[in-house]
Each structure stands twice: as structure tokens, then as C-alpha cells.
Amino acid sequence: MATFTKLFVTLSIFSLLACSTNAQLVNNFYGRTCPSLQTIVRREMANAIKTEARIGASILRLFFHDCFVNGCDGSILLDDTATFTGEKNAAPNKNSARGFEVIDTIKTSVEASCNATVSCADILALAARDGVFLLGGPTWVVPLGRRDARTASQSAANSQIPSPFSDLSTLTKMFTDKGLTASDLTVLSGAHTIGQGECQFFRNRIYNETNIDTNFATLRKLNCPLSGGDTNLAPLDTLTPTNFDNNYYKNLVASKGLFHSDQALFNNGSQDNLVRSYSTNGATFRRDFAVAMVKLSKINPLTGTNGEIRKNCRLVN
């Protein structure tokens with residue numbers, strides 16, 4: 001009997017550990033441990049966007065790039081050190097990923113209210129949602145409970161983050177590799193209704209591609225010469241660059257996608273009908289975008305006893 005009891009207790013402990021390690025994200029994870037979390041994040045994001053509307057797009061991009069490299073684990077926030085190589089200097093992020101100081105500010109405010117409780121990965125997920133909402137987009141319930149990675153992968157960031165030069169087949173594969181569909185690709189690309197792109201990433205499109213409105217190409221050439229000006233900026237959505245709406249899709253239908261990867265969604269391919277639908281139905285786009293963002297946010301999170309709760313989002317504890 002004693003042996004059976006000992007075995008039962010041992011198995012129970014292992015079961016509890018397994019449940020903890022494989023815990024799922026939940027909608028109100030910090031309801032008791034940090035009830036002010038979402039108010040703090042919303043307040044700090046509102047302050048940041050009031051200072052610079054573009055920052056909402058920058059934070060959203062950080063979240064995408066985080067989730068596409070080993071899951072939504074806050075690894076993109078880690079700085080390089082003498083003994084650690086992060087993802088900030090990977091090609092898709094170097095000199096273009098921005099908004100880290102906003103995440104730092106939010107983390108400091110959250111720590112003042114709920115010390116050593118909320119992960120940087122969850123803060124980034126909430127900040128991305130709030131940035132979209134504050135710029136006129138939809139809102140959604142963010143599943144929470146992510147923990148922060150102790151590692152990062154510059155090589156994975158270089159190979160797994162979609163490129164602005166990619167064609168539809170490459171984009172589709174990169175999304176399906178993450179458990180996302182071609183429809184998810186099309187609706188999540190609608191994030192390009194806000195933000196700006198650098199000349200080096202659209203120069204070839206405006207000078208050499210034919211599936212582009214000539215007046216649009218001429219306009220973009222004014223700020224993007226054939227040589228030089230690599231970091232000159234242009235809005236991803238020429239109509240309402242700081243409003244989260246469905247004008248991105250109207251641009252695609254009019255052959256005014258800024259990146260090759262944007263126009264690839266509407267170029268006599270499998271996504272044409274969905275792009276056309278979103279261009280005429282903003283409500284459907286908003287609904288589908290919110291659903292897809294929740295799906296994106298669930299890519300390979302660290303939960304339970306995996307990872308850690310970083311004290312400083314830039315450094316492993």
C-alpha cells in the first residue's frame with residue numbers, strides 16, 4: 001500500500017509538471033496577479049502614438065517578426081552582447097525594426113505595478129493589439145501566459161521572416177510553415193495599411209516591374225532614386241497611412257502595392273478574390289484580421305515552466 005501511495009504521488013507530481021510545462025494561453029491569465037496590466041499597456045501605447053503615429057505600425061511589425069522566429073517569445077527584444085547574438089541585426093530587422101524603447105517604457109510601468117509577473121512577450125502582444133486599435137482598427141482578446149525566451153536566432157530571423165521581394169508561392173509556404181493559411185497571409189498583410197517602407201525595399205518594383213500604376217510609380221520615384229536614398233521612406237498605404245482601414249486592398253486592386261510582396265497578393269493569382277472582397281468590405285477585413293492575429297499570437301509560445309519572466313526585456317535574467 002505504501003509503495004502504491006508513493007507511486008501515485010510521484011505520478012501525480014509528474015502530471016502536474018507536465019500540465020504546467022504544456023500549459024495553454026488563456027484570455028485572463030493575469031486577472032489576479034496583474035489586474036492593471038491591460039490599462040497600463042493601453043495608456044502607454046496611447047502616449048507613444050500621440051507622439052508618433054507611425055509607432056503603432058512599428059510595434060505591430062515587431063510582433064510579426066517575433067512570432068515568425070521560434071514563436072511569440074519576445075526573442076526579438078533581446079540586445080546583442082559580447083556573449084549573445086540576438087535577432088536585431090538580422091537582415092529583416094537591422095536598422096528597420098523599431099519601437100523597442102516603447103516596450104521598455106511599458107515594461108517599466110508594468111513592473112512598478114506587478115513586479116516580476118508579466119512577460120515581455122505578452123507585453124509585445126498586447127502593445128501590437130492596442131496600436132492597431134488606437135489607429136482605428138479592430139480590437140481582440142489577446143490570449144496570455146507567454147514566457148520569455150532565453151535564446152534568440154539570428155539565422156532563423158534571416159531565413160524565416162517573409163521578404164518584401166517574395167512572390168506569392170514563397171509567401172504562402174512561409175506562412176503555412178507557421179501553421180497559417182494563404183487566407184491568413186492575405187488578411188495579415190493588411191497590416192500594411194499603416195506604416196512606411198524604405199526605398200531599398202521597393203526600388204526594383206517602381207523602376208522595373210510592369211504590374212504597377214504608372215502615376216504611382218512616378219510619385220514614388222520622387223523620393224526613391226535609382227541609386228542612393230536607400231532609407232528614404234514612403235507610406236505603405238498612400239491613401240490613409242496612419243489609419244488602420246481597408247485602403248491597402250484598394251491600393252492593390254489599383255496596382256499601387258508598394259512592395260513586390262504586396263502586389264503579389266493581387267496579380268492574377270489565388271488571392272485575387274479575397275483581396276477584392278476586402279477592398280469593398282472593411283468590416284469583413286477587420287473581423288478576419290482580429291481572428292488571424294489571435295492565431296498568429298499562438299505560434300509556439302513558451303508557457304508553464306519554460307522560458308522566464310525577464311526583468312529587462314533587452315536581457316536574459
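From the backbone N, Cα and C atoms, a Cβ is placed for every residue, glycine too.
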Checklist entry - In TrEMBL, Cys224 is paired in a disulfide bond with which of Cys199, Cys313? => result Cys199
Checklist outcome for this item: Bonded to Cys34 via a disulfide in TrEMBL, from among Cys67, Cys72, Cys114, is Cys114
Item to check | Member of Cys19, Cys72 annotated by TrEMBL as disulfide partner of Cys67 | outcome: Cys72
Checklist entry - Can you tell which of Cys19, Cys120 TrEMBL lists as bonded to Cys313 through a disulfide? => result Cys120
Item to check | Among Asp237, Asp245, the one of these binding-site residues whose Cβ has the fewest neighbouring Cβ atoms within 10 Å | outcome: Asp245
Checklist entry - Here the binding-site residues are Pro162, Thr240; which one has the lowest number of other Cβ atoms no more than 10 Å from its Cβ? => result Thr240
Checklist entry - When you tally the Cβ atoms that lie within 10 Å of each candidate's Cβ, which of the recorded positions (Arg61, His65, His192) has the highest tally? => result His192
Checklist outcome for this item: Surrounding the recorded Ca(2+) 2 site, with Cβ no more than 8 Å from the Cβ centroid of Thr193, Asp237, Thr240, Asp245 and those residues left out, we find Ile194, Leu239, Pro241, Asn243, Phe244, Asn246, Asn247, Tyr248
Checklist outcome for this item: The mean pLDDT across the domain 'Plant heme peroxidase family profile' (24-317) is 97
